[in-house]
Amino acid sequence: MSTSIPLTRPDDWHLHLRDGAMLKAVLPETARDFARAIIMPNLVPPVVTGADAAAYRDRILAALPEGMAFEPLMTLYLTEDTDPEDVAAAHASGLVKAVKLYPAGATTNSASGVRDFDRVRGVLEKMAEIGLTLCVHGEVTDSDIDIFDREAVFIDRVLDPVRRATPGLRVVMEHITTRNGVDYVRSNDEGLGGTITTHHLIINRNHILVGGIKPHYYCLPVAKREEHRLALRAAATSGDARFFLGTDSAPHTDANKETACGCAGCFTATNTMPLLAHVFEEEGALDKLEAFASKNGPAFYRLPENADTITLIKQDEPVAFPDKIETGEGPVTVFDPGFPVFWKVA
Ligand code: NCD
Ligand code: ZN
């Protein structure tokens, strides 16, 4: 017996594609199921100007295999030197769909991020005026703040003050990992959204640390206590239009993960839709999956929903996903949920 569900083709509202050989290997993993994705700009060096974004977009499209369709939605990496006029021009041309705020030092390749928020005030005001979304990596970086508290502290110290100081600014709090993040998004209406990753619906901090350290479950923001995972599940499966999928699929080679100072990032592009079907079914909310993966995101970004569909199929035998994908830089481990999955995309 198999069950099949058609779904408006989903989009990924937070994705790392990297560049070069890695880009070539990981792009088809996303393009197979997803029509569009918000492309993170944390390359080395970062994608800062409209010209950088145009060149990166061209490299992404050049890496797309023949016959596959995919639309990269480009972002700019906000620095203290970002020029509001360059941002406005990149938005007006249709190239750029969001600007990304990394607090300096918060995560992989974030050294050029913002230290002094007064220095980006002009850009934020321009963005509020033209309706361009600010995507936020919501963690403070102060060394005296515990890594498990950094998201909650960010809301009070940075996110809420920035939003109050810039009325009308549209903000996505990305990859929320806490009940605090869920509550903050829920307590605001117009102009604030929250993305949730696949893996944060599945793992809590025990998965990283119990029974030996598991580098492939380490990402930023780091997975929190079980109560937070449950809050994320409730939000994602609620149908609430403020929450939508941003996988934060973040490939690093095994050599860079399985080492004394391993990189942060889970690679979920390959099996995200089957894993989400599993999670939503577990929560008795399969009817809300389309809102989360295919409808709420375009509504927030004021883009049309995709016109075509994918089909999720549940089969009797567990689906065998690849353990790794090969890239020109070395193997990348595919996220292992730790349980059998019976769903696949037709
Ligand atoms: C991301 C990466 O590797 O670029 N890592 C991660 O753990 N999510 C950066 C990020 O989004 O924080
Ligand atoms: Zn990310």
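Just so you know, glycine gets a Cβ as well, placed from its N, Cα and C.
Since the structure is predicted, the reported quantities are computational estimates derived from the model, not experimental observations.
Residues annotated as active site in TrEMBL: Asp248. DSSP gives Asp248 (active site) a coil state; it is part of no helix or strand.
Residues or ranges marked as Zn(2+) 1 binding site in TrEMBL: His14, His16, Lys100, Asp248. Take the CB of His16 (Zn(2+) 1 binding site) and look out to 10 A: across all protein chains shown you find 25 other CB atoms.
Arg18 (substrate binding site) carries neither a helix nor a strand DSSP state and counts as coil. If you draw a 10 Å sphere around the CB of Arg18 (substrate binding site), it holds 21 other CB atoms from the protein chains shown. Under the heading substrate binding site, TrEMBL lists His16, Leu17, Arg18, Asn42, His137, Leu220, His252, Ala264.
Annotation comment: TrEMBL describes Lys100, His137, His175 as Zn(2+) 2 binding site. All protein chains shown were included, and the count of other CB atoms within 10 Å of the CB of Lys100 (Zn(2+) 1 binding site) stands at 25. In the three-state DSSP scheme, Lys100 (Zn(2+) 1 binding site) is classed as strand.
Residues or ranges marked as domain 'Amidohydrolase-related' in TrEMBL: 12-314. Here the domain 'Amidohydrolase-related' (12-314) has a mean pLDDT of 97 out of 100.
As annotated by TrEMBL, N6-carboxylysine applies to Lys100.
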Filtered by Cβ under 8 Å and at least 6 apart in sequence, the residues in the chain of Ala264 (substrate binding site) near it are Thr107, Thr108, Tyr218, Cys219, Leu220, Val222, Ala250
Specify the nearest of the recorded positions Lys100, His175, Asp248 to Arg18 (substrate binding site), where nearness means the distance between Cα atoms. Asp248
Quick test of your reading of the structure: among the binding-site residues His14, His16, Leu17, Arg18, Ala264, whose CB sits under 6 A from ligand 1? His16, Ala264
Need this for a regression test: recorded positions Asn42, His137, His175, Asp248, filtered to those with Cα within 10 Å of His16 (Zn(2+) 1 binding site). What's left? Asn42, Asp248
Given the recorded positions Leu220, Asp248, Ala264, return the subset with CB under 6 A from an atom of ligand 2, ordered by sequence, or none if empty. Asp248
